[in-house]
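Working notes, beginning with the structure itself.
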Amino acid sequence: MNPDLRRERAAATFNPELITHLLDGSPEKTRRRREIENKILSDPDFQHENHNFLTRSERYEAAIKKSAVMVKKMREFGIADPDEIMWFKRLLLGNFVEPVGLNYSMFIPTLLNQGTTAQQEKWLHPSTGLQIIGTYAQTEMGHGTHLRGLETTATYDPKTQEFIINSPTVTSIKWWPGGLGKTSNHAIVLAQLITQGKCYGLHAFIVPIREIGTHKPLPGITVGDIGPKFGYEEMDNGYLKMDNYRIPRENMLMKYAQVKPDGTYVKPVSNKLTYGTMVFVRSFLVGAAAQSLSKACTIAIRYSAVRHQSEIKPGEPEPQVLDFQTQQYKLFPILATAYAFQFVGSYMKDTYHRINESIGQGDLSELPELHALTAGLKAFTTWTANAGIEECRLACGGHGYSHCSGIPNIYVTFTPACTFEGENTVMMLQTARFLMKVYDQVQSGKLVHGLVSYLNDLPSQRIQPQQVAVWPTVVDINNPDSLTEIYKLRAARLIDIAAKSLQGEMSHRKSKEVAWNLTSVGLVRATDAHCHYVVVKLFADKLLKIQDKTIQAVLRNLFLLYSLYGISQKAGDFLQGNIMTGSQITQVNQRVLELLAVIRPNAVALVDAFDYKDITLGSVLGRYDGNVYENLFEWAKKSPLNKTEVHESYHKYLKPLQSKL
């Protein structure tokens, strides 16, 4: 054990194990997670080769092999609970992805959400056992987030009771679905449904794309891999072109919308029900943002405690990099954000399951807010985490650029989350549309509920910019309730401004669509403020539920740092709205610096509480034992370029050149 890390852990004011239990949900869940992890670590069937030194084809093959072993072992270990599957995969995959992943994260959930009982009986068992390997083919070359623009068609033929699937243009080719290139034999295809001469919009169809047994593409199907990408080297993101490809009527997922044998269309209760899979994935992306950010943070903070550099006073020993205030200012707000997103991720998961149960019983009342909340928080958390991961890499100095740090792999694996499952700016605008509807409801005298209920205060003059006197003159910057309140005021003010800008443009005889585009920057700002408020509120709510006073105090400091750092970064909003004064902002900035010093003794223990195994981090710099330099040298020796003392290119090109000089 590195002596610096040993000292850091001994100096902590709390037991990290207690926070680990909090993050997992209970001591029993922590015990079970570790039991699963230990089974994997002690199993010789799991060969943990270093993906960094493999070619793309080798990485894909290694990932397929790992997936096959994983399915077999999950059966053997009796792992079926969703949380346990997540723990299993988190350890096994580390910072990489699996080609069969969409079978479990998209294909099966869509089948469960949108398939009839008969359809589930037919396809669910084969897909859980990987006889059917499914993917989710929505995005096309020409359209992604704009679903109404998708061009793939499914035209019903009542004579044969079949749908004819077509990719009518080059831009209609399905493009990007994971596992499509080489792995999947079925896809849930989103296509424009045409029956009795009328288009009824997007619907989901189960489309066989490869022959079971030979795995060859079926006639009428053109399918392949789209080539190298920024990351995701193990994943065969693919393309799919369908030419007059026929599937049985029963292959349309018909839990909500239906097409009768004669071609009659039966519409669903709500069109939003068909977006269930996207809402499901977006709700879980918040947790994924927390996980990726907390991994990067763990690596950067541990390495900053091990690394000694420069001098604070001439002639004195080089201090730990973590002792520099600038390093703390880079990393501790990210640490606080990682914790905030952990709690929001848990809330989103629980909320999704609760509302999904209500939907199953026919109650759709909370669906609009769930749709808006998942869209906005997906964008807010993934953007923030993406920037935070890169900040962690930079905080590791030059070594952060090496794959040995683990952070480049975390970054390139996470960064697509900013554009998949809905491009983030478009997601913010979807939430803004909901906020504008709620704003109009409040203006017409209706009471609204849920996380937007603070907008009920809008009609009172309390949040109008000109009514300065009614704003709180004292903001207690050490009080979670007070901080939550000022984030609420900021959100309400920016929503009010955005709504009035929109109304102003429309009053100039512009159509709502043109007015929307002309005010969209303000609408995104309003959504960002709403999401920021939601995160602050949910973090504050979590503090109240923590029984252990020591743990509550430690996490309260992180809450204060998260909230106050956010105010310092968005000071203009709080000043312009007369929510805070200039002197209060100065106090906030000073308090942020004080909190860095308060959190410093607990920094390593706080990342230890995430309880990541070294294999999950995939980092030489972030090792639990802190023995960085010895392992850095050993890692470099494994580079394939070091297999020979003299590379063959020397004899081919350099030596002949040198001999002629």
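In case you wondered, yes, glycine gets a Cβ from its N, Cα and C as well.
Annotated features, as they stand in Swiss-Prot:
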type	residues	note
MOD_RES	LYS89	N6-succinyllysine
BINDING	THR139, GLY178	FAD binding site
MOD_RES	LYS159	N6-succinyllysine
MOD_RES	LYS216	N6-acetyllysine
MOD_RES	LYS241	N6-succinyllysine
MOD_RES	LYS255	N6-acetyllysine
MOD_RES	LYS267	N6-acetyllysine
MOD_RES	LYS272	N6-acetyllysine
ACT_SITE	GLU421	active site, proton acceptor
MOD_RES	LYS446	N6-succinyllysine
MOD_RES	LYS512	N6-acetyllysine
MOD_RES	LYS637	N6-acetyllysine
MOD_RES	SER649	phosphoserine
MOD_RES	LYS652	N6-acetyllysine
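Within 10 Å of the Cβ of LYS89 (N6-succinyllysine) there are 20 other Cβ atoms, across all protein chains. A simple Cβ count within 10 Å picks out one of the modified residues LYS255, LYS267 as the most packed, and that one is LYS255. Counting other Cβ atoms within 10 Å of each Cβ, the modified residues LYS159, LYS216, LYS241, LYS446, LYS652 show the lowest value at LYS159. Long-range Cβ proximity for GLY178 (FAD binding site), meaning a same-chain Cβ under 8 A and a gap of 6 or more residues, is found for VAL97, PRO99, GLY101, LEU102, THR135, TYR232, MET235, ASP236, ASN237, GLY238. According to its DSSP assignment, LYS89 (N6-succinyllysine) is helical. Candidate recorded positions: LYS159, LYS216, LYS255, GLU421, LYS652. Nearest to LYS89 (N6-succinyllysine) by Cα distance: GLU421.
The least crowded of the modified residues LYS512, LYS637, judged by other CB atoms within 10 A of its own CB, is LYS637. Most buried of the recorded positions THR139, SER649, judged by other Cβ atoms within 10 Å, is THR139. Within the same chain, residues at least 6 positions away in sequence whose Cβ sits under 8 Å from that of GLU421 (active site, proton acceptor) are MET278, VAL281, ARG282, LEU285, LYS378. Between the alpha carbons (Cα) of LYS255 (N6-acetyllysine) and SER649 (phosphoserine) lies a span of roughly 61 Å. Among the modified residues LYS159, LYS216, LYS241, LYS637, the residue whose Cα lies closest in space to that of LYS512 (N6-acetyllysine) is LYS241. DSSP assigns SER649 (phosphoserine) to a helical segment in the three-state reduction. Cα separation, SER649 (phosphoserine) to THR139 (FAD binding site), rounded: 42 Å. Comparing Cα positions, LYS446 (N6-succinyllysine) lies closest to THR139 out of the recorded positions THR139, LYS159, LYS216, LYS241, LYS652.
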